[in-house]
Amino acid sequence: MTDQQPKQQQATTATISTFSELAKLADYSLMESLNCDPDATENGVDHDERQVFSGHYVPVKPTPIKDPEYVAHSDALFAQLGLADSLAKSADFMRLFSGDISQVPGPMRKVGWATGYALSIYGVEFIHQCPFQTGNGYGDGRAISVFEGVLNEQRWEMQLKGAGRTPYCRGADGRAVLRSSVREFLAQEHMHALGVATSRSLSLYVSKTETVKRGWYAEGSQSQNPDKVVTEPVAISTRVAPSFLRVGQIELFARRTREDENVDEQRKALAELEKIVLHLIEREYATVIDKQLSLPEKIILLAQAFRDRLTSLIAGWIQVGFCQGNFNSDNCAAGGFTLDYGPFGFADLFNPQYQPWTGGGNHFSFMNQPKAAQSNFEMFCSALQPLLTSEQDLLALDGVKNEFATVMESKMNAMWAAKLGLKHLNTESRKTLLSELQLLMMQTPVDYTIFFRELSSIPKGIRPLKKSFYTQLINDNAEQAAKNQQIETRWVEWFVQWKASLNSDMDSSIEQVSEQMKQVNPKYILREWLLKPAYQQAAVGDYSLIRELQEVMANPYAEQSQEIEDKFYRLKPLEFFNLGGVSHLSCSS
Ligand SMILES: Nc1ncnc2c1ncn2[C@@H]1O[C@H](COP(=O)(O)OP(=O)(O)OP(=O)(O)O)[C@@H](O)[C@H]1O
Ligand SMILES: [Mg+2]
């Protein structure tokens, strides 16, 4: 027997197969350094909207959904956490993750918590839009964390979404509907499978009897805004991440340091800011920032490390065709991963201005995401400033901030180069190769995923690439035919240039380069028109499409069966163009 075998056996026996074993792993020790809202009721039955003036969190008891039914769980995340699959349908587990925390065994607490955060949109602070005109009403309006603990040597937080009102609910119901919960549940795990950092999906339960009303689109509607009120079942999905700290949260405490003229209040606010920043380091950056360093040293390293993660994240989004849609600072995880799958979308057509959310505007569109991230990063750096006093430290932080665009650009270049199978895009001719490709993709237009996947096979000519062309969208008249001919000629020229670059970079076999390209150019992507039938069927109790999407989208870079290919590796059907709820959507809740 080798050394390896006993270890593997140990890993198997470490599986958590009962709820009480999971509960035993609860560990709130890091939270103890944080401040609880002094005005909160201790048992968390605090569900009315109100201003929260201070403290890092508010104890809140979730409101369970009525008659919960199991919809889905992520077997990939269960395996990573060491949870047995059988738990997902067990009574205790289901009770908690459908919102009933009243019966959990210790050391788990019978109360959850919500956090406040500030909001800035594209670098502009939003304060007066909160119901109290102070900014003290913004925060987790329907997200409630219920567990923090160490599983498989990593600390995780588990957070219910749609578990009822919190003091930050701003008059809303605190619920999430099945439609948006299915979208978020599937997208989170798909994103992980795509290799892009993200919060994860644990479980999804729906109520068999409780519904809420939401504005949505009538069948076949092309309206921009919802034109119908629909009654939808409520659901609770649970997401899991090392923490749910957002840029907006750091901003909130920084803002408070300059709000009050009273020196004592300022000092208190500064202490709260310092605590949340140290907590962020502990939760998200403990492995890269040494505990022994001084506060200013930690802060500069934190800014650098977050910049590194955030720029990689955005390059990852562009790589896979993802548009977050609403990339405000409150939807920007300070750990540098994807958070809040509300108005998101995976692009069918390549369009730099792709923006699935009708309320999002151009500034959060597909290719503007690097800029949106930069605004969030700048707000993050400004929020750290009150903790630095020396000129030298402030200059160092400014340096980290100012280099964002350069770092972002180099990550984008590396990402495009990888998608094209090239080693770099550093020369002028390579840059032209990329810009001409982007222009051609728009003018043709092409399906972003299918194009790069077909290119990854390194074809001999452009014919296979045409599989990605949306020629169906183009009018068939003489003028258009002439244009198409010109575009075709430009494609051929582009292809010849690309092949020449590929050959000049090639130091391994063509098969190896093709294989590498297939590792960054997914074959399967969670398109909105695939999600729609899945949540529609789920609303009538049929979860089979959700299961199928879970399986297919868990292996987005793999070749799968012919049947799967025929069904999922397809251009967007014509009837889905301009369709409300598919091509575009209003808010997501
Ligand atoms: N039905 C609702 N009830 C209470 N609050 C809500 C509801 N829908 C949205 N909110 C709150 O409005 C704010 C903005 O909504 P947004 O769509 O970004 O959030 P979300 O999808 O609920 O949140 P998250 O960022 O936690 O994924 C958030 O603070 C959110 O908690
Ligand atoms: Mg949000």
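Residue numbering: from 1, along the chain as shown.
Including glycine, each Cβ sits where the backbone N, Cα and C put it.
Unlike curated entries, TrEMBL annotations are predicted automatically.
Residues or ranges marked as ATP binding site in TrEMBL: G139, G141, R142, K161, D173, G174, R239, R246, D340. Among the features that TrEMBL reports, coiled coil is placed at 256-283. Under the heading active site, proton acceptor, TrEMBL lists D330. The Mg(2+) binding site annotation in TrEMBL covers N331, D340.
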- prompt: Can you name the residues of this chain that are 6 or more positions from the residue listed as 'active site, proton acceptor' yet have a C-beta less than 8 Å from its C-beta?
  reply: Y117, A118, L119, S120, Y138, R246, V247, G248
- prompt: Averaged over the whole of the coiled coil (256-283), what is the pLDDT?
  reply: 93
Query: Of R239, N331, D340, listed as binding-site residues, which ones have a Cβ less than 6 Å away from ligand 2?
result: N331, D340
- line: CA-CA within 10 A of N331 (Mg(2+) binding site), subset of binding-site residues G139, R239, D340 in residue order, equals D340
Beyond the flanks of the coiled coil (256-283) by 6 or more, those residues with Cβ under 8 Å of it: 30, 33-35, 54-56, 155, 242-243, 245, 249-250, 289, 295, 298-299, 302, 334-335, 383-384, 386-387
Task: Restricting to the same chain and to sequence separations of six or more, state which residues have a Cβ under 8 Å from that of R239 (ATP binding site).
output: M158, Q159, K161, E184, Q188, S199, R200, S201, L202
Message: With the ATP site defined by the record as G139, G141, R142, K161, D173, G174, R239, R246, D340, how many Å span the farthest pair of C-alpha atoms?
response: 23
- prompt: Minimum Cβ neighbour count within 10 Å among the binding-site residues D173, D340: which residue?
  reply: D173
- request: Count the other Cβ atoms sitting within 10 Å of the Cβ of G139 (ATP binding site), across every protein chain shown.
  value: 27
Task: Count the other Cβ atoms sitting within 10 Å of the Cβ of R142 (ATP binding site), across every protein chain shown.
output: 23
Query: Where does G139 (ATP binding site) sit in the DSSP three-state scheme?
result: strand
